[in-house]
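Step one of this worksheet: look at the structure below.
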């Protein structure tokens, strides 16, 4: 009889095997099990500190990298952009590989360690390129650089640079997908304190990231441009060393979850077993023993025991017991022929997440535009702030970062508790509602951006000087920059929380890596839309995205993105209303 009480689930048949902590009984004080209670916030400074200093290092290294390639390696704009985009694409895809390695083989802790040392090695090599003259082309005057008369880089110099970027990508692949899931592992989700701490952690994480971006786009960029490239790279390298030391300081209080094999093979087992039993009929009477459901032991990290649902009914056949597929001890004979109910429901969870993930790609389009065309707008506006300060066009994005740094703590400490009293839900609203609000802010951002651009272009054409600069303060861009900050707070933080809560516990690293894959695909989608719009509108001789922003129709492009985002929001709402949560907690 399948699912006989008291029998331990077989590891050979467990598609989604339980971690060491998940196999611990409720007696947490049994020292013979060598287990720890999750330390909660006591462990977070070490994990989050490592992530914060790593981001300070990597962002500080790359914040001005385009300028470094052009000034020090004498690359033209196309060459520099190609290298930078290639590195960005590799760094956004690497977390997917790192997440798989973590969940299947190495575990989160050792994957973070490997990633940290890889990043450190890449940063040290990059710093050496700025310190040692033989590793880069000879210096060149600005006039010669503009005329293309400088001595170009050779193969060896480019090779050293590429080796540095490769190590940095490996480091990104190890750290980014694991740092948040590893932090979540440190909270005991069976307690109210642990769940509230976990909810607040996501907001704290994004707040620290925003502060890091503020520092790198101001202080670090200033050091690199006006003092020394070697010092500008050396400071992030020292930050990475400190990050590694800080991470190891907390090793005695961390909770570690060991991997138990390939989760990809486990997912495949469900589909294969369901396909092999496709000709069998699913019983409707629910008699005990017809579906394989061995008991779960008490979980330290609050693994949810799921019951068989009618969603994706054909997959239920994977858990259907036929003849003698179960051994006398309760284990299954062939994991490719029989899976547990928990395995089947976990696969259903993955299928439910896919539509939300796909809609989030287009939901990021507005954020991509604010990082590119907003700078072009700023270049044709009055950059003077007061009588003495001139704002660099590339630094207008700092307004978004300030908005995030101010609003996110207010949202977490003031607004969320107020919403919890009204909705009786932890977090005040569901994560999908939070993502939906972020999508609405994205649409609003594009509409406001379009209206502001219309006013800016009319001002430039009517009253602009010979250089095409409109007599209009760059601070007019503040509304759209603040709105996109709100969109990030709700959308990105919401997605981070969604993936870490809704993915099966042993696949959190893979879930977290989807954030970076979304960034990558959103960038490709944005480039694709820009190319199509430029080609289609250019046929009439007046492209919406021509080289001269004053004669282009950037406002119409913004309205187009708003329309695409609105359609995407409708699809998102359709998917969200049909999504089945793995579990949400109500407050009494």
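Including glycine, each Cβ sits where the backbone N, Cα and C put it.
Source: prediction; values computed, not measured.
Within the set 51-70, 71-90, 151-170, 171-190, the record from TrEMBL flags 151-170 under the feature transmembrane segment. Note: the stretches the transmembrane segment (557-576) and the transmembrane segment (431-452) are in contact (3+ CB pairs below 8 A, sequence gap of 6 or more). Listed stretches 204-223, 389-410, 514-537 were compared with the transmembrane segment (472-493); the greatest number of C-beta pairs under 8 angstroms is found for 389-410. Packing against the transmembrane segment (514-537) from elsewhere in the chain are residues 88-89, 91-93, 95-96, 176-177, 357, 360-362, 364-365, 367-369, 492, 495-496, 499, 543-545, 553, 557, 560-561, 564: each is 6 or more residues past its ends and has a CB under 8 Å from a CB in it.
Of the candidate ranges 151-170, 204-223, 229-250, 431-452, 204-223 has the most C-beta pairs within less than 8 angstroms of the transmembrane segment (389-410). Ranked by number of Cβ pairs under 8 Å to the transmembrane segment (229-250), the listed stretches 109-131, 151-170, 204-223, 350-369, 431-452 are led by 109-131. Within its own chain, the transmembrane segment (350-369) has Cβ neighbours under 8 Å at 267, 311-312, 432, 435, 438-439, 442-443, 445-446, 449, 484, 487-488, 491, 495, 498-499, 502-504, 507, 511, 514, 518-519, 521-523, 525-526, 529, 558, 561-562, 564-565, 568-569, 571-572, 575-576, 579-580, counting only residues six or more beyond its boundaries.
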